[in-house]
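Quick look at what TrEMBL lists:
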- 1-45: region 'Disordered' (REGION)
- 10-19: compositional bias 'Basic and acidic residues' (COMPBIAS)
- 81-99: transmembrane segment (TRANSMEM)
- 380-540: domain 'SSD' (DOMAIN)
- 384-404: transmembrane segment (TRANSMEM)
- 410-434: transmembrane segment (TRANSMEM)
- 446-466: transmembrane segment (TRANSMEM)
- 486-508: transmembrane segment (TRANSMEM)
- 515-540: transmembrane segment (TRANSMEM)
- 588-609: transmembrane segment (TRANSMEM)
- 809-842: transmembrane segment (TRANSMEM)
- 848-873: transmembrane segment (TRANSMEM)
- 894-918: transmembrane segment (TRANSMEM)
- 930-953: transmembrane segment (TRANSMEM)
Amino acid sequence: MNGNGQYNGHRADSEESLHKPGVNENGTSTTAPHPGAEPESNEPNADRLNFMGRLSYHVSMAIGTFFYRLGYWIANNAWKTIGLCFLLVALCSVGFIRFHKEKSPMKLWIPLGSKFQHDTNWLIEHFQEGNRIETVMITAPDVLVPEVLQTIATITEEVESFTFHNSDGEQLGWTDVCHKVPMIAEYTADLSRRKRHAQDLEQVSVTTRRPKKSKPFFTPVIDVPSFLFCPMVERLQVGCYGSSLLELWNYNRTTIAGLSKEDIVDKLNRTTISPTTGHTVAFAELLGDVKRDWSGRIVSAGSLVTHWFVHVNFSEVDSDVSGNAAGTEDLVTENAVLWEEKFLQIVAKAKRDLSNNETSIYYAAGRSYGDISEESMFKDMDKLVYGGIVMFVYMQLVLSKFSWTEFRVILGSVGLMSVGMGFISGCGIVAALGVSYGPVHTSLPFLLMGLGVDDMFVMMACYRKVRKANPDLQLAERMGLMLQHAGASITVTSLTDIVAFIVGSITVIPSLQSFCIYAAAGVFMMFVFVITFFVAIFTLDEIRIASRRNSFLLWVVHDEKSTSLWCEYNLMHRFINMLYSKFLLTNVGKAIVIVAVVLMTSVNVHNLLKLRQKFDPNWFIPEETYYNQFVVKTHEHYPNAGYEAMLLYGNLNYTAELPNLISITHQLENRTDILHSFSSWVTSFQDFVHMHYDKDIAVDPLSDGDFRKYLSKFLFSYEGGRYQMNIKFASKLKCGQPAPNITVTTMDFKFRPFKEREEYLPAKYAVEDVLANSNISTGDQYRTLWAKIFGNWVTDEIIDTEIYRNISLALIGVMFCSVVLIVNLQICFWIFICVLLTLVNVGGLMQVWGLTLDLVSCIALQLAVGLCVDYAAHIGHTFLTINKGDRNRRSLETVLHIGAAVFYGGGSTILSLSILSGSQAYTYRTFFKIFLLVIAYGLFHGTILLPVILSLIGPAPYSGSLNSLNTINNNPSPTKKAPCREGTEMISFIGNEKYTPTGAEL
């Protein structure tokens, strides 16, 4: 500030600029310049500055003036500032009235406007119900023995007999939550006819025209008049649907107990229709590691699965009640979730009680993935608390001195409190806007802590410089100068972070969008509290130190002799001075740095090109969990079991579209390269009509009346009864009456097991092409492909494009923000290069470290832009404020002034991150690896490469004047150690105030 209260463009980074006369709150001089001093010019030399130079000067002056006046006012009104800050937090917290924590996976992980989102909403609206599968797997040298079946029988009896209470106090059991189907066993054919029918079914034609199958001797729905058959059907009970080998003996434990090995094998090989339900069942699909004799007859198996199907009414689903905090629970009702909880307890007990060492039990419920992924995501939250404690201790080491009065316990605590206030206020503001809070937001306090502590280190660095250069100024003036010098740098880094997050919020992934909005608001509010609340507490802490009050016991006052504990010279400052002046800023050092950057970047560009896009949901599951063991054993014993999927058809004219549906079915049945199995009611209906009515509907179109008549007969036959769950009608289907209009129908199939994106996406596209190229032209023409796994695949389709687009836009936004605040195109360009090099090298080492591009790494890389730009921005901005010396000297002065603060800021983040290195959660492990790379490369490019570049081709300072000095003296005379002052820094970066850096001219 000059005598008129105007900012003259010289910053704290120049020691000369810190020696200012006293100024009052209005900025007018309180002391006259010392005699013989040359008056300071308020404007730069116009001949030396172009338009950008003059613009940068005026912007710098305006920012400095604003922050000086803010710091001066806060120092004189510390308690008022504290009160206003708490009031602001309270006002922002009102927004929590609208706070909502999103738990629905559709609103968290599925891209907005995606086809999968549209199809899922359509399915829920039109089909209205679904089911969840609960599975128990038993493995043994041979599971087709009585002992294994008795174990399954015991588990089944316990699972289907327990009761539980829901939130309304109702006592419910298995029959209240199961998926029900008609039980038609008493009307199915005898065993011999079933066997012949099974042989017929195996001879499936791959052409549209299918060979006529032999007609069974007796088919009730055809051979019995409707007025006799239908009353019997209407009296049929519905039962719980499941898949179990015990169906072969109607779950009769007495019968099962008397079975022999041969009885089991014989019954298995000659039965294809369940004696329990009367529906066709492929019992062999329940077995794994199947061994057959020369005739193809099953003789043994290594695993056996049993399935229970729980009914889900989508209209009753409330994710806020039945969902989990991680947003990984499927659509499910409260009753189903409660039943599954008890199911898991019973099977886990059976596993523990198993006495046979050769037999093992593995199990999974519909809620298993959600439960374990939620637990793994949040069980390490305590480590974030430990990280906060470590951060606090680290702050004390950096900010404090070994003096009873200068331990910064209060300041460090309040510094972390500023982060918390920013987090709470930011969340309150965003919640008031109606933006939901998501599971990935749990890492936000940690992110804010890393950014906020860095700002505090910069403030302390500037304050000690100000105090050293202006020991006689009043405290308010020192605080004003501190904020004047630190404010611009903090503003640049905070605003670039905010811009990076705002740009990131345009993503189509809801959880990432919400996270970026919360992060942007949190960073902004933290910035507000750091430059206000923290400065106010800083002022009060300086008053305490001036009165020699103990840092822990404020009522204890020390004399000058008793306050000091230990004198230690500033090793960090000396180390930086020696490293840069002796090596990095020499000609040899510069050459080594540039060559190292070129080689390192070349290698990592090669690695980056090999970086894969892949995500496996099972990465969220720790290895030691029961669910991971189940998944591993499933892949081991059922290697061909792929992903379940279905074709969805809407309100079509099914009479007219039957040939097209048959054509689609046969095309997909022939795609054995991508499909494991295909089950279509259309082909079964075709066989039924051909067998009983001697019509091949593929080539002989049916009338609408015949279609409705035959379809009704088919759905009440043992061949077609199991397909009732695949068809929804406009009204209830009634026996003996023509079928109503079909509103929705599905065809189930399984993809083959795929491992890589290059396998499953082409398979998905192939099926979609078959649907798209079909000639369906009636009704709403709606047909689509849907599978639960598409929730992951749809993200895989766009995540790499999303990452590159978001990072590119973030870089553009950050650079635009830097240009506006720094107003120097050359510095902004080199900041951009440093950030770009950091991201390239991080991507290359991600590939080496085995990481892939997925949703988690997408979030981490979005944060990386904001983190790594801070380091280069601090160095670049400070270089512009050093107006003394040539480029080499200014580069040295830059790192001496701000370098250590930047190193400590990065070190604090790494230190707190290290707590997560041993986490079992995939999210935290990935965050640790990526952030470690970002900080390491960001520090290297920002504090080593950038000073080297600026020492070679750096721009002129803001003031436009260069005081020529000799280049750095590489052979300085030894510096005499300064005497120990009261309370020297522990490892502080703005060290001993009497220490003069080698070659510096103060």
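The backbone N, Cα and C atoms fix where each Cβ goes, glycine too.
TrEMBL labels come from automatic prediction, so no person has curated them.
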Close approaches to the transmembrane segment (515-540) from elsewhere in its chain (Cβ under 8 angstroms; 6 or more beyond its ends): 67, 70-71, 74-75, 77-79, 81-82, 84-85, 88, 92, 410-411, 414-415, 417-419, 421-423, 425-427, 429-430, 435, 437-438, 440-441, 444, 447-448, 451-452, 455-456, 459, 463, 475-476, 479, 482-483, 487, 490-491, 494, 497-498, 501-505, 507, 859, 862-863, 866
The transmembrane segment (809-842) versus listed stretches 81-99, 410-434, 588-609, 894-918: most Cβ pairs under 8 Å: 588-609
Contact call for the transmembrane segment (894-918) against the transmembrane segment (81-99), three or more Cβ pairs under 8 Å: no
Leading contact stretch, 81-99, 384-404, 446-466, 588-609 vs the transmembrane segment (410-434) - CB distance under 8 Å: 81-99
